[in-house]
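J.: Below: one structure in C-alpha cells.
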Amino acid sequence: MSNETVSGDAFENLLREERKFAPSEAFAAAANVHADIYAEADSDRLAFWAKQARTHLTWSKDFTETLDWSDAPFAKWFVGGEVNAAYNALDRHVENGLGDRVAIHFEGEPGDTETITYADLTERVKRAANAFEALGVAKGDRVAVYLPMIPEAVVTMLACARIGAVHSVVFGGFSAEALRSRIDDAEAKLVVTADGTFRRGKPSALKPAVDEALAEDGHTVRHVVVVERNKQEVAWTDGRDLRWSEVMEAASPEHTAVGHDSEHPLFILYTSGTTGKPKGILHTTGGYLAQTAFTHSAVFDLKPETDVYWCTADIGWVTGHSYVTYAPLVNGATQVMYEGTPDSPHQGRWWEIVEKYKVSILYTAPTAIRTMMKWGSDIPAKYNLSSIRVLGSVGEPINPEAWMWYRDVIGGGQAPIVDTWWQTETGAIMVAPLPGVTATKPGSAQVPLPGIAVDVVDEAGQSVPDGHGGFLVIREPWPAMLRTIWGDPERFKDTYWSRFDGMYFAGDGAKKDDDGDIWLLGRVDDVMNVSGHRLSTTEIESALVSHPWVAEAAVVGAADETTGQAVVAFVILRGEADLPTGENAASEIVLTLRNHVGHEIGPIAKPRHILVVPELPKTRSGKIMRRLLKDVAEGRDPGDATTLADPSVMHKIAQDLRK
Ligand code: WTA
C-alpha cells in the first residue's frame, strides 16, 4: 500500500469529517481517568501495566516480573503471580460487603426476568465448580460451552475459570459440524448446553445440534450437562447426558478458589482467519483480566455503584467474553443480560429494556445501530433513554452518519461515544477515545489506549506520517494479547508476526488523519484497487449510507479487465425514505446514488454497479459476508452460504437481481 495511493481522493471524505465533540466539563471532572494517564503510561509502560494489574485485581500471590518477552512472540505477563478469575469476579465483592448488589438483570426473550446478586452468582458458580469437578473435569481440561444468552452461560464460564478448566464457547448459532470440529480441536471432556432458547417468540433448539455433533464416535466428550431453558422435548443419552438442575442441586455450595498461575490458560475462542480452518485463539489469566478490567473502567468510565451497564454481544464472541462475563464482574458492575433479538416482540425491545433498567452504559455494534436507524427514529423516541451517559461501538468501522444518529437519537445529543477497536486476538480494547478526555470524532476510534503501542505503517513497516494510510500494527506486547493458536504455534507466528519484523499485524487497514488520530478502514482484504487507486469498501459504504435514501450498504471490488477492480455496491433502501416513483424510479435511484458517491469521495469511487437488495448476507456475528457478494458481483454462484445468519438471503438477492 503506497502512501501516494492511500492518501488519494478516496480518503478525502473521512478526512473532511471535522465535527468534534469534547466531553462536558462535568463529565471530564468526574471521569475515572484524566489526560495525564497517557504521559504516565508513556514514561514507564510496564510499570503502568503492573499498577493496573494490582489496582484492578486481587492476586493470591503477587507477581515478580511484569513481562517476560525473552521467547517472543510468546509472551508471559505478570510472571510468578497467581490469581483466580472467579474469585476476582465474585467472592471478593461478597467479602467486601457487596453481596446484595445486583450482578445481572436477566431479561429472557419471552419476558421472564431474574435478578441475580453477587451473592447469588457466587453460590451458583461454587456449585457449578463442584459439579464439574465431580464429573471429572480437572485443571487444564477443556469444556465446550454451547449455550444461549442466559445466566448459566456466565456461571459455566466462571466455574471453569475457578477450577482452572479451559472453556471453549461455541456460538449457539453455529452448526453441529462446526461444534464438532471445535470439540475435537480442543479435545473437550464436557459439553454444557441447553435444551434450547427462544427466537422471535418461538422455541429454538440447541441440544439436537450437540447430539448430532457427538453422533459419530471418536470424540473426547464424557458428559453433556443440559440447562432446562425452554423446556422443549429433547433426546436423551443415558449416562452421558445430565440435567443442570439435578447436577447443581447435588453439588455443595461451598468451594474455595485457589490462585492459578498468571499464564494458566483461561479460554480458547475460535475465530475465522483468511483460510478455512478456524483458529483457536488462546487467552491466559492474569494479563487478560488486568487489561479487560482496566479498559472496562477507563473506556466506559464505569462507576460500579451507580451505573447499569449493558453490552449486547453474545457470549459466543470475544466481546461477550471480555465485556459481559469477565470485566464487568471483576469490576463489580451491575449489568443487563438479554436473551433475544432486538425486534421481538417489537422493534422497540432494546429501548424498553434501557428504560426499564435505567441502562447508563450501552455497548453495541454498528450493524445494530444501522438496523435501528433503518427502523426509524420514532421507535426509540417512544422510550425514556435519559439514563444513558456513555455509548460504545465495536466490531466494524462505524460510519459518521450512524455515529451521529447513535449520539443524537440514543445518546440525547450528550453521551460520549467510544468507538473501540480490538479483536478476538487482542483480548481487550486497544484503540478508543477516553470519554472524559478525548474530543470524539464521528467515525474514528482515534487513539491507542494508554500503555498500548499501536501504529500505522507502510509496506516496509515504516511508520506513516499524519495524513497517510497503511496497515495497523501493534509494536509492543500487551497484557491481554493472545498467547498462541491452540495446538499450532507456527500458525500463530506466521499469521501475526511474519508480515512486519517484530510487530503484530492486525490485518486491518488504517489511516492517521492530520491530528494523528486513527481511522480504521476495514480489513486489508477488503481494500479495493481501482485503476491503481486504493479504495476502502468502508469508505464507499459510508458515503452511500450518508444519503438519506440508504439504510445499509455493502461494497465489494469485482474483477475488471480495464481497471483491475470495479466498485460494486449493494444497498438496502430506507423504508421511511421519500423515494422517486414512476417508470424510471429504479434507474433514477441508481444514478442519484452513484453521483452522491462521486460527490462525497470523487469520481473514482463511483460504483460501477449499484444493486438494490432486500437484505445483505451477514454472518451470525453480524459481519457482512463480502465474499458472497463478490461472487454475485463477478457473476459466480455464491456457493456455500451455510455460515450466514439467514442462509436464504443469497437466494433472495439472486432472485431480486433476476427481476
Ligand atoms: C473489526 C471484535 C473498525 C476489525 C472485537 C478487526 C473494527 C475485527 C472495530 C475483529 C472498530 C473491530 N472499528 N473495525 N471499532 N472493532 N473491528 O475478532 O476489522 O470479531 O480486525 O473482534 O473487527 O473482529 P473480532
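Backbone N, Cα and C define each Cβ position, glycine as well.
Below are the features listed in TrEMBL for this protein:
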- ARG199, ARG200, GLY201, LYS202, THR319, SER531: CoA binding site (BINDING)
- GLY395, GLU396, PRO397, ASP419, THR420, TRP421, TRP422, GLN423, THR424, ASP508, ARG523, ARG534: ATP binding site (BINDING)
- VAL545, HIS547, VAL550: Mg(2+) binding site (BINDING)
- 35-89: domain 'Acetyl-coenzyme A synthetase N-terminal' (DOMAIN)
- 97-478: domain 'AMP-dependent synthetase/ligase' (DOMAIN)
- 539-623: domain 'AMP-binding enzyme C-terminal' (DOMAIN)
- LYS623: N6-acetyllysine (MOD_RES)
J.: Around LYS623 (N6-acetyllysine), how many other CB atoms lie within 10 A of its CB?
T.: 16
J.: How would DSSP class VAL545 (Mg(2+) binding site) in three states?
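T.: Once the DSSP labels are grouped into three classes, VAL545 (Mg(2+) binding site) ends up as helix.
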J.: Which are the residues of the chain, VAL545, HIS547, VAL550 excluded, whose CB is within 8 A of where the CB atoms of the Mg(2+) site average out, their centroid?
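T.: Sorted by sequence, the hits are GLU401, ALA543, LEU544, SER546, PRO548, TRP549, ALA551, ALA553, VAL571, LEU593, HIS596.
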J.: Given the binding-site residues GLY395, TRP422, ARG523, which one's Cα is the least distant from that of GLY201 (CoA binding site)?
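T.: Ranked by Cα distance from GLY201 (CoA binding site), first place goes to GLY395.
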J.: Could you say which of the binding-site residues GLY201, GLY395, PRO397 has its Cβ with the most other Cβ atoms inside 10 Å?
T.: PRO397
J.: Does DSSP give THR319 (CoA binding site) helix, strand or coil?
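T.: SS state of THR319 (CoA binding site) = helix.
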J.: Is any of the recorded positions LYS202, THR319, LYS623 within 10 Å of THR424 (ATP binding site) (Cα-Cα), and if so, which, in sequence order?
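T.: Within 10 Å Cα-Cα: THR319.
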J.: Where the criterion is a Cβ under 6 Å from an atom of ligand 1, which of the binding-site residues ARG199, LYS202, THR319, THR424, VAL545, VAL550 meet it?
T.: THR319, THR424
J.: Quick one, of the binding-site residues THR319, THR420, THR424, which Cβ has the fewest other Cβ within 10 Å?
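T.: The binding-site residues THR319, THR420, THR424 were compared, and THR424 has the fewest Cβ atoms within 10 Å.
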J.: Which residue counts does DSSP give the domain 'AMP-binding enzyme C-terminal' (539-623) for helix, strand and coil?
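T.: Looking at the domain 'AMP-binding enzyme C-terminal' (539-623) with DSSP, the answer is 26 helix, 27 strand, 32 coil.
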J.: If one measures from the C-alpha of ARG523 (ATP binding site) to the C-alpha of HIS547 (Mg(2+) binding site), what distance in angstrom results, rounded to a whole number?
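T.: So the alpha carbons of ARG523 (ATP binding site) and HIS547 (Mg(2+) binding site) sit roughly 24 Å from each other.
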J.: Between the Cα atoms of LYS202 (CoA binding site) and THR420 (ATP binding site), what distance do you get, rounded to the nearest Å?
T.: 34
J.: So, in DSSP terms, is ARG200 (CoA binding site) helix, strand, or coil?
T.: coil
J.: Would you mind listing, in sequence order, the residues at least six apart from TRP422 (ATP binding site) in the same chain with a Cβ closer than 8 Å to its Cβ?
T.: VAL318, VAL394, ALA428, ILE429, MET430, VAL431
J.: List which of the binding-site residues ARG199, ARG200, GLY395, PRO397, VAL545, VAL550 have their Cα within 10 Å of the Cα of LYS623 (N6-acetyllysine), in sequence order.
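T.: Final answer, ordered: GLY395.
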J.: Rounded to a whole angstrom, what is the C-alpha distance between HIS547 (Mg(2+) binding site) and GLY395 (ATP binding site)?
T.: 23
J.: For each of the binding-site residues (ARG199, ARG200, LYS202, ARG523, HIS547), count the other CB atoms lying within 10 A of its CB, then report the residue with the highest count.
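T.: Per the Cβ count within 10 Å, the most buried is HIS547.
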